[in-house]
Amino acid sequence: MIEPIGNQYVVARPVYSTKAFGEEHKKKHRHHKTLLDHLKKWFRCSAQKAKRIALSLFPIASWLPAYRVKEWLLSDIVSGISTGLVAVLQGLAFALLVTIPPSYGLYAAFFPVIIYFFLGTSRHISVGPFPVLSMMVGAVVVRLTPIADTADPTVTNSSVANDSSLDDHKVMVAATVTILSGIIQLLMGVLQLGFVVIYLSESLISGFTTAAAVHVLVSQLKFILQLTVPAHADPFSIFKILISIFSQIEKTNIADLVTSLVILLVVFVVKEINQRYKAKLPVPIPIELIMTVIATGVSYGFDFKNRFNAAVVGEMKSGFQAPITPNVQTFQDTIGDCFGIAIVGFAVAFSVASVYSLKYDYPIDGNQELIALGVSNIFSGSFRGFAASTALSRSGVQESTGGKTQVAGLLSAVIVLIVILAIGFLLEPLQKSVLAALALGNLKGMLMQFTEIRRLWRKDKYDCLIWVMTFIFAIVLGLGLGLAASVALQLLTIVFRTQFPKCSTLANVGRSNIYKNRKDYSEMYEPDGVKIFRCPSPIYFANISFFKQKLIDAVGFSPLRILRKRNKALKKIRKLQKKGLLQVTLKGYICIVDGFKDCDEELDNDNIEELDQPINTTDLPFQIDWNADLPFNIVVPKINLHSLILDFSAVSFLDISSMRGLKMILQEFIRIQVDVYIVGTDDDFIEKLARCEFFDDEVKDSIFFLTIHDAVLHILMKKDYSTSKFNPSQEKEAKFDFTINTNGALRNRECQVPTETKF
């Protein structure tokens, strides 16, 4: 019964062990689903299920009917135009990283956006070429493209001879790699492997995207300086690129460098103006469009290509080309590379999508993202494009310019389509350094995530460690291996947290039914002879030893050592009793000699198993008080503990290995006459112990109680009853019944031990 009194309450109920509660309140039978039940549910058909599957496969069907035309359309149009221009420029720039003609980058900027519009779940990312992914594809292209040198007899040019040109061969390799990567992503999505994204924490995503921004920055330096730098995609590639750049820094084209710096300065300033005055500006200033027009006109008017030897985009083919059939042999040669490209592409896209989903509070689906990216890459590769994910800067443009939905992405694809079909030739005089500068102009937001370190350090040291190590791994090992190492580190930190949990000793706060860490409060009450120990994590094979050591530290002694000492002393007492050196009286036993020496009873390793057995004194005509002085200076450590309560309310599971260890711990305490109680466990926990034959004559299922307070009251009643039973002279003394009065404090009153205890 619960009676509220103001902002307090009074509860009157029996003291419950888990067993007693189960006997009084019978559990109803529940049917637990089997594998067959799950399969039946999976293959069951219904109209609602078909609708749900259709909506999950085509998310556009759920958000497009709810599109707010008046509120969102203008913002999406402005965002789509700005993002489309950036997509054109980045498609041209990132095609250079794949070592194929720039015009093919437009295909990679067009087809994935169209597919993602129908299949994607993120509203803000802009799907298309990503520089690091382009570098990974470019490394494969370079590796599989023979050097056109007929004088070298070791070079086989048969594959090149089957193609019309070296560029066609490179395009074929890039497209084949893209198709296989898309197939891998599609299969992962169909097999529901998108759950891997749960291992990408917010700290990991932030560190990973920041490292990706640094990779983008380094990848564009060679175009800004107009230097010839080979493609690298292996570990330490970023350092190899930097070494290659600085080793030939004297060859920098000044015209390209100056143009890039001017573009970067103007873009940064205007971006800052857009951000600071976004509430006052009707639409953000389309600085990318303005600078592209100006840079193209200046380059054409002053003939930068011939006068300053500046690198320009060059010939732009108009229109689309026929789809291609992927090369099966390339599939076999690049399966490992394609798997890495698929994982990195998905990780980057999902990471950026997660940032915006958290910012604007809407869900994204990892499995559907895999399907959307997989189909996008299959289409893109079939039409001579290369692997797509999402560029950090391009997505930043789509979001910062007011994009609300993927309608902005669709409009950006229309801009790319116009360039492909009609006005691509106008970009032929544009410097490649301008493309690189515009690609870098939107990285400020991602690079500013370095400030996360300070915030994370104040909040959680582990999250800060994950951010820093993810950044270092992604920089040093590359995004593919860096992501794998970061996920492994994150899992390791979880293991570390559970392997070394912060165990604590609890005590009663304010003599109530509330128990907290005794180090945290001043008014603490701990019943005499009772220790309450809390474990805040699962118990498994890796931390059972740590749990045991923490428990020993909390109680102040090793039960196994006490047990061995007592068994050793018992052997000596038996020997004394057999020799007649001990005389039994009504008050116990007395020694009839002054001294006794026996060197044969020393602890020997051969008798360890015997000394670990339960203490058996049934053959003695007297009881031994182990906390009293023993005869002939036999020394056994005294303990002031008679009951131990283990709070397992935070223990979510227990494996078989730790189950054996826990049973040994309980047996050791029980064998030295310390009662052990476990509280806070659920029924499944106890049922698992029963299935694994955890209980026996020593460790019984009656040790489980619902709450700490139930166990404490049970101990107080039990010890009070024991005092009354074995000490008749104390029967008339007051018995204690602990209850909560109306101010929440424990009080006691003189009474006999009741069958029900109020608290």
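Glycine residues also receive a Cβ, built from the backbone N, Cα and C atoms like all the rest.
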Residues flagged as transmembrane segment in TrEMBL, choosing from 51-71, 282-302, 639-659: 282-302
Paired segments the transmembrane segment (171-200) and the transmembrane segment (282-302) in contact, 3+ CB pairs under 8 A: no
Dominant neighbour of the transmembrane segment (282-302) in 77-98, 339-358, 370-387, 407-427, 464-496, by Cβ pairs under 8 Å: 77-98
CB contact flag for the transmembrane segment (77-98) and the transmembrane segment (464-496), at least three pairs under 8 A: no
Overall pLDDT of the domain 'STAS' (520-715), taken as the mean: 84
Seg_contact(the transmembrane segment (370-387), the transmembrane segment (339-358)) with at least 3 CB pairs under 8 angstroms, min sep 6: yes
Cβ-Cβ under 8 Å with the transmembrane segment (464-496): same-chain residues at least 6 beyond its ends: 132, 136, 199-201, 203-204, 206-208, 210-212, 214-215, 233-239, 340-341, 343-344, 347-348, 452-453, 456-457, 542
